Structures are given as C-alpha cells and as structure tokens.
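Here is what TrEMBL says about this protein:
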- Cys102, Cys106, Cys109: [4Fe-4S] cluster binding site (BINDING)
- 88-301: domain 'Radical SAM core' (DOMAIN)
- Lys316: N6-(pyridoxal phosphate)lysine (MOD_RES)
Amino acid sequence: MTKTLKSAQDFKNLGITSPEITQNIDTVSTKYAVAMTTELADCVKNPSSDDPVLRQFLPLIDELTTLPEEREDPIGDWPNTPVEGIVHRHKDRVLLKIVSICPVYCRFCFRREMVGPDKDNMLRPEQLDAAIDYIANHPEIWEVILTGGDPMMLSPRRARELTQRLEAIPHVKIIRWHTRMPVAKPDIVTAEYAQAIKSSTKSVFVALHANHANEFSNAAKQACANLIDAGIPMVSQSVLLKGVNDNLDALSDLMRTFVENRIRPYYLHHPDFAPGTSHFRVSVEEGQKLVQGLRNTLSGLCTPTYVVDIPGGVSKAIATPSDAREIDGQLSLRGQDGQWRAYPPSEK
Ligand code: SF4
C-alpha cells in the first residue's frame with residue numbers, strides 16, 4: 001500500500017472482494033469522509049468487514065441508516081460553545097478544537113458531522129486568537145484538552161506555537177492532546193514532535209485513541225515511546241465497538257498492550273448516538289459484563305473506567321451498575337449532577 005485509502009478501488013486493492021461492500025463505498029463517501037492510512041491498512045489481517053482494524057475504517061451501507069435516537073451533535077458540543085473552537089462543558093476545563101481533519105476517519109466517529117476535509121480545516125487566525133483570549137480570560141480553566149479532528153494534524157511548528165501560547169496563560173496547568181496519530185501515522189510522532197508539544201511549566205498528557213491491539217505496529221510502539229521518553233505521560237481512550245473489541249479476549253489484549261507500552265488505560269467509552277453508527281453499538285449491560293470480566297481477570301493497571309456520555313452535553317456517567325441501571329423497565333444513567341435520565345432519551 002502506498003497511499004491513504006479513500007475510494008472503493010483503494011479498498012479493493014487491499015483485497016476486499018465482496019461486491020456488496022465495494023459498490024457502496026463511494027456512495028457512503030458522498031456523505032461521510034473516508035480515509036484509512038497505509039500504516040493501519042498494514043495492520044489488517046483479514047480483508048473483510050470482520051477484521052477488527054479494517055471494520056473501523058471501511059464504509060458500510062449501514063451508515064446511511066439513521067435511527068430516531070441518533071443525533072448530529074450527540075454529546076452536546078454546540079450548546080456549550082461560547083466562541084468558535086471552544087467547548088466549555090465543565091468549569092475547570094475546556095476543549096480546544098483547533099482542526100477538523102484527521103489522518104483517518106473512524107466510521108463510528110461521534111463528531112462525524114463536524115470533521116472531514118470538506119469542513120473548515122482549522123480555526124482561522126482571528127478565531128484562534130478569540131479562543132486563546134477566552135481561555136486567558138477564564139481563570140477557572142485549569143486544563144485545556146486539544147481535540148478536533150486530530151490536533152496532531154498540526155505541523156510541529158504550529159504545535160510548538162500553540163503550546164507556547166498556552167504556556168503563557170498562568171492558570172492553565174494541564175495540556176492534554178487527544179489523538180489517533182501514534183497508531184494512524186506513527187512517523188509523524190517523532191522525538192522532535194514530542195519536543196514541540198512539551199511545555200516548560202505545564203503538565204502535558206497525550207491520550208491515545210486505539211480500539212484493538214492489532215493497531216500497535218512496531219512503528220506505533222516507537223511513536224508512543226518517543227512521547228513517553230520525552231517525559232509526556234500517556235493515557236488511553238477506546239470505544240467499545242461491536243465486531244471490533246466487544247469480547248473479553250480482544251479487550252484484555254488491548255488493555256495489556258496499552259500497559260506494556262507504558263500507557264495507562266483511562267476511558268472505555270460506550271459508543272455515542274452518532275448518525276449511522278447503530279451497527280457498532282452494544283448494550284450498556286453487555287459493556288458492564290465485559291468490564292467486570294476485565295476486573296476479574298487482569299491486573300488493576302489494565303482496567304479502564306467505562307463511561308457513557310449522557311446525550312445533549314449533560315456529563316459523562318460512569319457506566320457501573322450504581323450509575324447505569326434499569327429503572328421502571330428503562331435503562332437510566334445518573335449524571336454528575338446526581339439526576340437520573342432515561343437512556344436513550346425519548347426527546348432529541
Ligand atoms: S480520529 Fe477521532 S475525531 Fe477523527 S474520525 Fe476518528 S474518532 Fe472522529
């Protein structure tokens with residue numbers, strides 16, 4: 001493979017033979033962005049929709065079916081956006097969404113209506129100035145979470161400039177990068193890149209998004225080592241996905257692979273109600289059983305927190321039976337405000 005896979009022909013070249021699948025790829029790509037890097041394509045062991053790596057990036061016709069409970073902004077970014085690029089949902093932290101492009105386009109993406117090459121690729125200079133001003137003018141903001149899109153789409157020069165601008169805000173103590181780049185395009189995450197995002201006074205964390213152990217090529221492991229050896233701690237975030245990691249063996253391998261690479265398992269997300277993603281969804285009850293299975297069998301280092309975002313931007317709920325259980329025959333979640341809400345909600 002020599003180039004990012006985007007078209008039906010590219011996926012055929014990878015070895016997908018099913019006409020049922022290939023004839024729909026170009027149709028789906030008119031609605032949602034498609035991209036799978038060669039590095040991840042090289043991690044595919046079985047070129048079909050059953051492969052746990054390929055399934056994450058292979059467009060399927062199911063994506064064109066939107067269920068009533070699915071929504072364009074499933075976790076409520078828009079109502080919590082005071083200025084372009086900022087999401088201020090929780091008092092002491094903000095998301096800074098500086099780019100809306102990614103090296104790959106995950107078929108289950110919860111921001112799929114907001115990311116892609118056809119969107120505004122990055123904040124314009126005046127928008128970035130306004131976003132930085134917003135952070136500087138809110139002394140309660142302790143942590144800035146860089147997300148998008150994938151913030152490591154920034155060149156090392158821009159990544160360094162952004163870090164320096166945040167470095168200059170005294171009340172910001174933590175800068176957290178959320179990225180898929182170490183597994184999607186590991187050659188980008190060099191020791192030089194790690195130096196570009198280091199700050200002299202803030203703690204910098206990188207949260208790696210990976211969903212299957214097969215995503216960890218040797219180059220991906222080296223990319224993570226480049227960050228960690230530069231003094232940047234890493235945590236993980238994964239999505240529980242049907243056909244990718246919804247079994248105890250796959251989840252155990254994934255969590256152990258994180259820890260073996262010095263990445264602390266952090267969040268296992270229940271998939272959000274993004275449009276056209278129902279073929280990836282498992283029930284919260286299944287997720288609870290799987291996480292209990294991890295706890296019963298693995299080192300405590302390997303157990304992530306299983307969370308579900310309450311639609312509309314309320315908060316996350318910890319998806320343990322104490323905060324996610326059936327009430328009057330309906331699954332309900334308790335948010336950080338202590339209120340119980342039906343899941344999925346009956347109203348959009
Ligand atoms: S890398 Fe993240 S933002 Fe980009 S498509 Fe995947 S899940 Fe969405």
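Placed from the backbone N, Cα and C atoms, the Cβ positions cover glycine too.
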### Query
Is any of Cys102, Cys109, Lys316 (recorded positions) within Cβ reach of ligand 1, i.e. under 6 A, and which?
Cys102, Cys109
### Message
Mean pLDDT across the domain 'Radical SAM core' (88-301), rounded to an integer, is what?
### Response
96
### Message
Looking at the binding-site residues listed here (Cys102, Cys106, Cys109), whose Cα lies nearest to that of the residue listed as 'N6-(pyridoxal phosphate)lysine'?
### Response
Cys109
### Message
Just to be sure I understand the packing, how many Cβ atoms besides its own are within 10 Å of the Cβ of Cys109 ([4Fe-4S] cluster binding site)?
### Response
20
## Note on the structure
Residues lining the [4Fe-4S] cluster site besides Cys102, Cys106, Cys109 (CB within 8 A of their CB center) are Ala33, Val104, Tyr105, Arg107, Phe108, Arg111, Arg112, Val115, Arg180
#### Entry: Cys106 ([4Fe-4S] cluster binding site), number of other Cβ atoms within 10 Å
24
### Message
Long-range neighbours only, meaning 6 or more apart in sequence with Cβ under 8 Å: which ones does Cys102 ([4Fe-4S] cluster binding site) have?
### Response
Ala33, Ala35, Val115, Gly148, Gly149, Asp150, Met153, Arg180, Ala184
### Packing count at Lys316 (N6-(pyridoxal phosphate)lysine) (other Cβ atoms within 10 Å of its Cβ)
20
